[in-house]
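Peer 1: Quick one: the structure is below, questions incoming.
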Amino acid sequence: MNQTKYIFVTGGVTSSLGKGIIAASLAKLLQARGYRTTIQKFDPYINVDPGTLNPYEHGECYVTNDGAETDLDLGHYERFLNVPTSQANNVTTGRIYLSVIEKERRGEFLGKTVQVVPHITNEIKERMQLLGKSGDYDIVITEIGGTVGDIESLPYIESVRQLVWELGENNGIVIHLTLVPFLAAAGELKTKPTQHSVKTLMESGIKADILVCRTEYELSEDLRHKLALFCNVKREAVIQSIDASTIYDVPNLMLEEGLDKVALKKLDLPEKSTPDLKQWNEFLQKHKNPKHEVSIGLVGKYVELQDSYKSILEAFIHAGATNETKVNVISIHSEFLDVNSADEQLKGLDGILVAPGFGGRGIEGKIETVRYAREKNIPFLGICLGMQMAVIEYSRNVLGYTDANSTEMNQNTSHPVINLMEEQKTITDKGGTMRLGAWKCHLSENTLAHKIYGQSDILERHRHRYEFNSEYLEVLQKAGLKASGVNPETGLVEVIELENHPFFIGVQYHPEYKSTVLAPHPLFVSFIAAAVKHKNK
């Protein structure tokens, strides 16, 4: 292919309809037909990136290989496509305006009055085409965050209108995702909200090429025809997206509806071969027909909102399918867990994961959880802060350093077993200043970590400011807490494990970010296998 083709996905009626899942499913089908496909997300908030956003506000912050702190939808893109994303795959209004203002300060606009049109829209269009111009992709799918009609989304909608016009016929299309609600009182599905949403889009100068309708019930042929007529699309371009039991069903549902065929036809591209979803369907088969079942305790401080730990929950699904095991995740709030309630809240679990996080709230509950898992020989996995809590717990309860802590929680502790990284000590800004992205780690032979990975050198993604204090390495190792993985350049301890425990491992990095449908993360796979073994013992 000479020219990259563009697909824009907008949403109407309400937020949280699943634009990211539809975009990822379409990308999966196009990829399975042999097209090099990527997805990017444009978010209309003024934060430069989601790195400083409260997880309750926006869910998990997803970190890419190149160290970008991005929207959790990029996690879906990677899990579906098994292809890494980068900073270029996620753009916010904050980043757009920051770039334009910096250009103005440098005098790049030659004294012109800087306006939303053309300066902001030009910046948006430039970034929309960045991945396409790299030559690496045949098709770029762009998801526009928010809902059509929102004030925040207007510059993006205008940019899409201009870009579709500039690209020319068959080079750019718009998919509009909308809701067809069921009205119980009338006992029928209603198309009016969709009609109004499409009308709002048309008022902005954009005609939807394909309509994807989220619905609880099947759309009748009459209803599809009505939507096609009033929304000005072809009948075959009215696509039903019925509620599914798992998001991993959606590519098959879209294949049945012919979404990929309609998109290719409108882009004037050949269908090539039938999508090869063999491995995908093998995963689904295992996921839906488990032979085992385990209960895993997810101990964290943001458990009220499931999206806060989205990648961890998805990694459990991937690892569960590999082990032909149904993984029941029990969310446990670390703030409400202590010595007195630990047994009541944690007994009966087949494995315990202590989640990442920041700040002092709920820390003592996490430390108590580690003690419980260690003493009761329950399979344990600690991620980032969870690994740090394991070091603190061992220092307190095995070495007898009763006030051992992280300087993040207590700057005056006499045993700072977790300390602020040296390069972080001069940093004052919060945004984008942590140790981020993929870093090397060397695993020692004859360790659990080496056995899990089956290799000595790995690359994992990080997001932290604090680290294992190497001054305590020797004394902790002598006491049985092994540092089985270190950064080969800095000596930073990345992995810790217990020798005399069936499965006890803590990692400073975030393995959940790299787990995908076709490549489940070995740490999660081994953790679930250990949980199955523990249950059957």
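Placed from the backbone N, Cα and C atoms, the Cβ positions cover glycine too.
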Peer 1: Determine which of Lys41, Lys226, Lys234 appears in Swiss-Prot for the same UTP site as Ser15, Lys190, Thr191, Lys192, Pro193, Thr194, Gln195.
Peer 2: Lys226
Peer 1: According to Swiss-Prot, Ser16, Leu17, Gly18, Lys19, Gly20, Ile21 bind ATP; so which of Asp71, Asp73, Asp136, Asp138 is the extra one listed there?
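Peer 2: The record-listed residue among the candidates is Asp73.
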Peer 1: List only the single closest residue to Gly20 (ATP binding site), chosen from the recorded positions Glu143, Gly357, Gly386, Glu512 by CA-CA distance.
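Peer 2: Nearest candidate: Glu143.
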Peer 1: What is the total of other Cβ atoms whose distance to the Cβ of Thr194 (CTP binding site) is within 10 Å?
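Peer 2: Thr194 (CTP binding site): 26 neighbouring Cβ atoms within 10 Å.
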Peer 1: Give me the long-range Cβ neighbours of His510 (active site): same chain, 6+ apart, Cβ under 8 Å, in sequence order.
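Peer 2: Those within reach of His510 (active site), by Cβ under 8 Å and sequence separation of 6 or more, are Val63, Ser311, Pro356, Ile383, Cys384, Glu460, Arg461, His462, Arg463.
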Peer 1: Can you check what DSSP calls Ile21 (ATP binding site), collapsed to helix, strand or coil?
Peer 2: helix
Peer 1: Write out, in the order they occur in the sequence, the residues of the chain not among Ser16, Leu17, Gly18, Lys19, Gly20, Ile21, Asp73 that have a C-beta within 8 Å of the mean position of the C-beta atoms of the recorded ATP site.
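Peer 2: Result: Gly11, Ile22, Ala23, Glu143, Leu177.
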Peer 1: The record names Ser15, Asp150, Ile151, Glu152, Lys190, Thr191, Lys192, Pro193, Thr194, Gln195, Lys226 as the residues that bind CTP; what is their largest Cα to Cα distance in Å?
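Peer 2: Site span for CTP, by Cα atoms: 31 Å.
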